[in-house]
Amino acid sequence: MIVLGIESSCDDCCAAIVEDGVKILSNIKLSQKEHKKYYGVVPEIASRLHTEFIMSVCQKAITNAQIHASEIDLIAVTSKPGLIGSLIVGINFAKGLSIALKKPLICIDHILGHLYAPLMTIKIEYPFLSLILSGGHTILAKQNDFDDIEILGRTLDDACGEAFDKVAKHYKMGFPGGPNIEKLAKCGNQYAFNFPITIFDKKENRYDFSYSGLKTACIHQLEKFKDKNENITNNNIAASFQRVAFENLIIPIKRAIKDTNIKKLIISGGVASNLYLREKIKNLEVETYYPPIDLCTDNGAMIAGIGYLMYLKYGASPIETDANSRIENYKYTKGAKL
């Protein structure tokens, strides 16, 4: 089955052609550079640019896959969660294409896409632990099947990648913050600043994460530099922030490994490409897997891949399905299933 996957939940305009859920025939992504000067994604600009480029991105995906549009068997599109304007552009385009080509439509949860992405290139048996690290999500889950996912922990405030972006913005390190902080940290002292590590000891929160305290402490350090008329040491700030940001992850992961006795961990999302994080994870007594870099960040291939499996099991989505910027809160509580 040939599936066109469309992903437009944030600022990346993505489309891919995937055969039978795993064979990637094309994977096109157009990143919007217009947001860099704002040090963050501007929703209105993102949706306008999606409107401008989504057709050409899909056309390129079809051309690169060396197929004709009529050969598409299924259209999969991200419908939630994300920026509502961006989601609407993607889902409305997918609906129009579905009607024009007379092909079924399947609406996909963006998080399910990230959880499935590593399985397109990695052979691993269920169950296993999954960690999603991105600008919008920080989620630790136990996967029993592609559609049977138990949320163990999640961020209670800022996502990991979001904290990177906000710190980078205040220190004018550039956008996106993740790769810029990682680069600066290589020349810094990671123990120059003792930023707080937030760990929850209550049973119901033992796998949860928090980044608001770390982010605030890091930003307040900038004010201390100014008050004392000291030089701002971006390299040391980046190194210290990065160290603590990932130490915040390690303890909940260790707890999950011990409590579930599962020794397999998949890490996906844009932050998963950070090499410092990968070195820290090596110290855990667990088999660790990462998708290729192009599948770590937002992409259409993961939407097409999981769309194929969801369609085979559940059938097509109603054409009336709307975009939804958020998932219901219960989806993120301990023990909930996506």
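Every residue gets a Cβ built from N, Cα and C, even glycine.
Same-site candidate for Fe cation binding, as annotated by Swiss-Prot with HIS110, HIS114, chosen from ASP294, ASP298: ASP298. Just one of GLY113, GLY178, GLY188 is listed by Swiss-Prot for the same substrate site as ILE132, LEU133, SER134, GLY135, GLY136, ASP165, ASN274, and that one is GLY178. Taking the Cβ of HIS110 (Fe cation binding site) as reference, residues of its chain lying under 8 Å away and at least six apart in sequence are, in sequence order, GLU7, SER9, THR78, LYS80, PRO81, GLY82, ASP298, ILE303. Here HIS114 (Fe cation binding site) is positioned 16 angstrom away from ASN274 (substrate binding site), judged by their C-alpha atoms.
Under the three-state DSSP scheme, HIS110 (Fe cation binding site) falls in the helix class. Spatially close to GLY135 (substrate binding site) yet at least six residues away along the chain are CYS10, ALA159, GLY161, GLU162, PHE164, ASP165, PRO176, GLY270, judged by Cβ distances under 8 angstroms.
Calculated from their C-alpha atoms, the gap between HIS114 (Fe cation binding site) and LEU133 (substrate binding site) amounts to 9 Å.
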